[in-house]
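This report concerns only the one structure given below.
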Amino acid sequence: MSFVPGQENAGSRSSSGNRAGNGILKKTTWADQTERGLNNQNRGRKNQPKQTATTQPNSGSVVPHYSWFSGITQFQKGKEFQFAQGQGVPIANGIPASQQKGYWYRHNRRSFKTPDGQQKQLLPRWYFYYLGTGPYAGAEYGDDIEGVVWVASQQAETRTSADIVERDPSSHEAIPTRFAPGTVLPQGFYVEGSGRSAPASRSGSRPQSRGPNNRARSSSNQRQPASTVKPDMAEEIAALVLAKLGKDAGQPKQVTKQSAKEVRQKILNKPRQKRTPNKQCPVQQCFGKRGPNQNFGGPEMLKLGTSDPQFPILAELAPTAGAFFFGSKLELVKKNSGGADGPTKDVYELQYSGAVRFDSTLPGFETIMKVLNENLNAYQNQDGGADVVSPKPQRKRGTKQKAQKDEVDNVSVAKPKSSVQRNVSRELTPEDRSLLAQILDDGVVPDGLEDDSNV
């Protein structure tokens with residue numbers, strides 16, 4: 001028996017007409033391009049689904065490949081679309097774990113011209129197809145295909161195709177993409193309809209009347225009615241506005257030193273138990289160095305904090321506030337109030353101990369175990385023990401001045417070159433007396449020079 005995603009929720013259709021039979025809100029994307037019913041204005045014409053660029057038939061009427069799920073759109077350049085092993089398959093009611101296997105297909109969207117005449121390429125969007133369906137229905141799991149990312153759950157048998165029927169857009173709406181708890185969405189991507197951005201493709205979201213006059217106007221290359229919304233128009237308008245302002249839509253916001261300092265100070269001003277470490281305020285600035293009492297975090301996670309791509313899956317293990325208070329052993333301990341010069345205040349510590357239990361049936365179990373093993377007691381494997389991240393060497397103040405002073409102190413005073421320079425007294429020799437006698441007119445040596453000379 002073939003499985004139909006969402007069939008467990010199948011029932012009576014909503015009388016308001018805005019819900020599909022599986023209880024999912026109707027939403028049209030590239031994966032669900034079809035015109036709505038035209039009531040009595042279509043004059044008996046049968047409603048035909050739109051063809052996509054990759055499914056245009058060569059001849060005859062071919063049902064295009066419609067994904068069962070909404071797409072995932074890239075919004076940052078240079079990001080890689082990939083999932084951890086055992087993750088990446090959208091969940092849907094009625095699909096067992098053994099059938100959760102398939103691939104994500106990259107849809108390269110068109111480019112448009114900006115007001116300054118440059119071509120702007122829209123970033124691609126990805127759609128999921130079960131194994132044995134979609135554009136690469138004949139491919140085997142794991143084949144090296146450009147623009148294809150293979151995913152499967154741990155319980156799925158990838159050597160056989162999934163027993164999933166092709167989606168008929170006239171009877172089944174696209175299901176908003178959701179993943180099992182613990183799944184890490186690739187950075188730089190968002191799920192269509194998840195609230196990250198307004199849905200970019202809404203073609204066919206309103207019934208359009210296409211009488212003979214409308215067909216003639218379309219064939220004459222005249223302007224389409226203003227109510228027609230082209231695919232990706234929302235993103236195109238946003239890109240045009242940014243181009244007008246001289247900004248790049250794909251350029252991330254730059255963090256300056258001043259803004260990083262403000263973020264760090266804002267985090268450190270919070271109580272210790274309320275701090276959230278990130279790139280601007282790393283783990284060791286928030287909670288101190290790693291050691292026996294704070295033994296979690298490898299070099300990369302200590303640097304990025306909660307911004308680490310592996311952190312969200314660990315957050316699945318974190319207890320709630322209720323579990324913390326009602327599922328732990330708590331003890332209130334009074335601590336010293338501080339120094340004698342400080343203000344008098346009572347200081348307490350709420351000490352706690354507990355455990356989080358999980359088993360191999362937890363979604364993403366293998367990834368969780370891998371991340372835990374890499375970060376538990378990681379400080380022991382680093383040089384310097386608890387100093388996982390070496391502090392930045394600080395320049396000692398006054399070192400240069402002290403060295404200059406020592407150099408001056410070590411310089412010896414130059415000795416006088418002669419006894420005259422040193423002004424040292426000495427007794428005259430006979431040669432001195434003879435020379436003085438020749439100089440003096442009377443030939444007598446003065447008594448003052450007999451024993452001492454300042455010459």
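Yeah, the Cβs are placed from backbone N, Cα and C, and that goes for glycine too.
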Residue in R109, R264, R272 which Swiss-Prot records at the RNA site where R125, R167 also bind: R109
Rounded to the nearest Å - Cα separation of R125 (RNA binding site) and T429 (phosphothreonine): 111
Please report the Cα separation of R109 (RNA binding site) and T177 (phosphothreonine) in Å, rounded to an integer. 20
Give the distance between the Cα atoms of T429 (phosphothreonine) and T177 (phosphothreonine), rounded to the nearest whole Å. 116
Taking the residues R109, R125, R167 listed for RNA, what is the greatest CA to CA distance in Å, to the nearest whole number? 22
Given the model, what does the mean pLDDT over the region 'RNA-binding' (56-197) come out as? 85
Per DSSP, what is the helix/strand/coil residue tally across the domain 'CoV N NTD' (64-193)? 3 helix, 33 strand, 94 coil
